[in-house]
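Each remark here refers to the structure printed beneath this line.
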Amino acid sequence: MAAFTELVFSGVQPTGNLHLGNYLGAVKRFVEMQDRDAQCLYCVVDLHAITVWQDPEALRGQIREVTAAFLAAGIDPKRSIVFNQSQVPQHAELAWVFNCVARLGWLNRMTQFKEKAGKDRENASIGLYDYPVLMAADILAYRATHVPVGEDQKQHLELTRDIAQKFNTDFAGSIAAHGHGDAFFPITEPLIGGPAARVMSLRDGTKKMSKSDPSDNSRINLTDDADAIAQKIRRAKTDPEPLPSEVAGLKERPEADNLVGIYAALAGITREEVLRDFGGAQFSAFKPALADLAVTSLAPIAGEMRRLTADPGHIDAVLADGSARAETIAAQTLDAVKDIVGFVRRGPSLQAVR
Ligand code: TRP
């Protein structure tokens, strides 16, 4: 297998309220990945957002808000590349090539499409059906080797691997002839896990924390202030038992498990370590400790997001700079893909347009 340099890519959709689940499952981990010796690219996936209807003015605001959340949480736009997908045309371009590699049978198995399309599948957009192919293009336009994502994206990452594999096999002769050895695309590793891979609703520990839950008390929004955060944790559903001293004791106790997982993820420790301190404690003692931890970790992010969103010009400049840097990488991939597939092109595409 060819050797690929380590490169991290991930994306977040600008489709409304970011909450604790997005923070612990994605953004906080993106920040941690910056300390690896790897280039990181973090993308606001606006092309994915429009696979379902988005009000144009609201969408523009949400793109800036996700960018602000990235920066407020500690993603450094100098070390990492922070950008929005629609400013880098190679994502859509590579998705077309991948549309011709991926098979109908593969896409027909995607469970997220079935959930999102619901009963009225005839009325779903073609973009929603093609969503996982665009996601493969996002990742492989940079030949990314590692993708931190939530548990729910596992199947999409498998599809990305299948597309890379089939491209490498179908075009093996041409890949070698153009000097790319025995594989052009890496087989990307998903990075799923951590204590908060799945953050559940504060009102029902069996349901995912979600921006579409009608009860605002079910989630902690990244824009909530200290009072709102503390109040939502105080009101979180629990059971009457004290916390167990072993992780095994959290089985069949979804609400307790969720709150312990949130504490662990915020503190950067394991569930075991949380229970070492709080095993045997009542929720009346654990909840205030969790509320304090959540407020000290999250309230500064909310404050910084408010400061950043007050200056959209600065956010737009960060996105423009990141998009230009992303494009220089993606353009090289697309030039190579065009050669491999057998297209005729002008020369190095990026220099040609600049
Ligand atoms: N589908 C992802 C989600 O909903 C967002 C996404 C789009 C993404 N493109 C990506 C995540 C590429 C990782 C890599 O969470």
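Including glycine, each Cβ sits where the backbone N, Cα and C put it.
Record features (TrEMBL):
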BINDING   Gln13, Pro14, Thr15, Gly21, Asn22, Gly150, Glu151, Asp152, Val199, Lys208, Met209, Ser210, Lys211, Ser212  ATP binding site
MOTIF     14-22  motif ''HIGH' region'
BINDING   Asp138  L-tryptophan binding site
MOTIF     208-212  motif ''KMSKS' region'
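Neighbour list (Val199 (ATP binding site), Cβ cut-off 8 Å, at least 6 residues apart, same chain): His19, Leu20, Gly21, Leu24, Gly25, Lys208, Met209, Asn258, Gly261, Ile262, Ala265. Within the same chain, the residues at least 6 positions away from Thr15 (ATP binding site) whose Cβ sits under 8 Å from its Cβ are Ala49, Val52, Gln54, Gln62, Lys211, listed in sequence order. A C-beta separation below 8 Å, combined with a sequence spacing of at least six in one chain, links the residue listed as 'L-tryptophan binding site' to Phe9, Gly11, Cys43, Val45, Gln85, His91. Across the motif ''HIGH' region' (14-22), DSSP helix (H, G, I), strand (E, B) and coil residues number 3 helix, 1 strand, 5 coil.
Within its own chain, the motif ''HIGH' region' (14-22) has Cβ neighbours under 8 Å at 44-46, 49, 52, 54, 58-59, 62-63, 65-66, 69, 84, 150, 196, 198-199, 208-211, 219-223, 262, 294, 298, counting only residues six or more beyond its boundaries. If one looks beyond the motif ''KMSKS' region' (208-212) by at least 6 residues along the same chain, the residues whose Cβ comes under 8 Å of a Cβ in the stretch are 15-21, 152, 198-202, 218-219. Checked against ligand 1, the binding-site residues Gln13, Thr15, Asp138, Val199, Met209, Lys211 give Gln13, Asp138 in sequence order as having a Cβ less than 6 Å away from one of its atoms.
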